[in-house]
Amino acid sequence: MSDHLTVVKHPLVQHKLTLMRRRETSTSEFRQLLREISQLLAYEITSELPLTNRTIETPLTEMEAPVLAGKKLALVSILRAGNGLLDGVLDLVPSARVGFVGLYRDEETLQPVQYYCKLPDALRDRLVIAVDPMLATGNSSVAAVDLIKDAGAKNIRFMCLLAAPEGIARMKEAHPDVQIVTAAVDEKLSDVGYIVPGLGDAGDRMFGTK
Ligand code: URA
């Protein structure tokens, strides 16, 4: 484990991930499991958020109590599969600001092309968590982080469910300052860019499309 890569080995994460990988897991089970894993990954990612003390009153007395310091977190979902991770993170951090980045792959150049980008303000002062379940080639993830940095973000984490070694290397090369937090690192990419052994197309499995 390096600063650039955190693999969350929590038994609940690993068990739920195995259920998600299985061919026979239904769309609704897949979506629910993804939500649960994203809560656990978010717990890990937010474990070092800075705190500050605030004076509050309990029913018995006044006290200095810890609250999160600084500006609200920003979550950026990389469409469309990123939306499957978003809800679980929002369960834990309901006040987070949320942005969306949409990219498609140009079939001739094979490069990601932006079709949508709407990001929260003041990204410079927020921890930004970009979410996309599959870090495969890394091309669209790197392009999404480019956009987030162009908008001023300085402190970015990339949350995914599965990562391929190729995607990790690509992200590290392009954005060495961005920590990747994932539930597992799989063996390789297939010839057509699927993560192997993987779980198939995450978007199709969570939305029931083909
Ligand atoms: N995107 C997916 O949904 N699955 C993969 O295996 C790779 C990219």
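Cβ atoms are placed via backbone N, Cα and C, with glycine included.
As given in TrEMBL:
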{"type": "DOMAIN", "residues": "7-209", "note": "domain 'Phosphoribosyltransferase'"}
{"type": "BINDING", "residues": "Arg80, Arg105, Asp132, Pro133, Met134, Leu135, Ala136, Thr137, Gly138, Asn139, Ser140, Asp201", "note": "5-phospho-alpha-D-ribose 1-diphosphate binding site"}
{"type": "BINDING", "residues": "Ile195, Gly200, Asp201, Ala202", "note": "uracil binding site"}
Around Arg80 (5-phospho-alpha-D-ribose 1-diphosphate binding site), how many other C-beta atoms are within 10 angstroms of its C-beta?
-> 15
Check the binding-site residues Asp132, Asp201 for other C-beta atoms within 10 angstroms of each C-beta and report the one with the most.
-> Asp132
From Arg80, Asp132, Gly138, Ser140, which binding-site residues have a C-beta atom under 6 Å away from some atom of ligand 1?
-> none
Near Met134 (5-phospho-alpha-D-ribose 1-diphosphate binding site), how many other Cβ atoms are within 10 Å of its Cβ?
-> 27
Could you find out if DSSP has Ile195 (uracil binding site) as helix, strand or coil?
-> strand
So around the uracil site, Ile195, Gly200, Asp201, Ala202 aside, which residues have their CB within 8 A of the centroid of those CB atoms?
-> Pro133, Met134, Leu162, Tyr194, Gly198, Leu199, Gly203, Asp204, Arg205
Quick one: of the binding-site residues Arg80, Asp132, Met134, Ser140, which has its CA closest to the CA of Ile195 (uracil binding site)?
-> Met134
Counting distance between Cα atoms, which of the binding-site residues Asp132, Met134, Ala136, Gly138, Ser140 is nearest Asp201 (uracil binding site)?
-> Met134
What is the Cβ neighbour count of Ala202 (uracil binding site) at a 10 Å cut-off, with all protein chains included?
-> 25
Ala136 (5-phospho-alpha-D-ribose 1-diphosphate binding site) CB neighbourhood, other CB atoms within 10 A | 24
Pairwise Cα distance for Arg80 (5-phospho-alpha-D-ribose 1-diphosphate binding site)/Ala202 (uracil binding site) [Å, integer] = 9
Integer Å distance between the CA atoms belonging to Gly200 (uracil binding site) and Ala136 (5-phospho-alpha-D-ribose 1-diphosphate binding site) = 11
Go through Gly138, Gly200, the listed binding-site residues, and name the one with the sparsest Cβ surroundings, counting other Cβ atoms within 10 Å.
-> Gly200
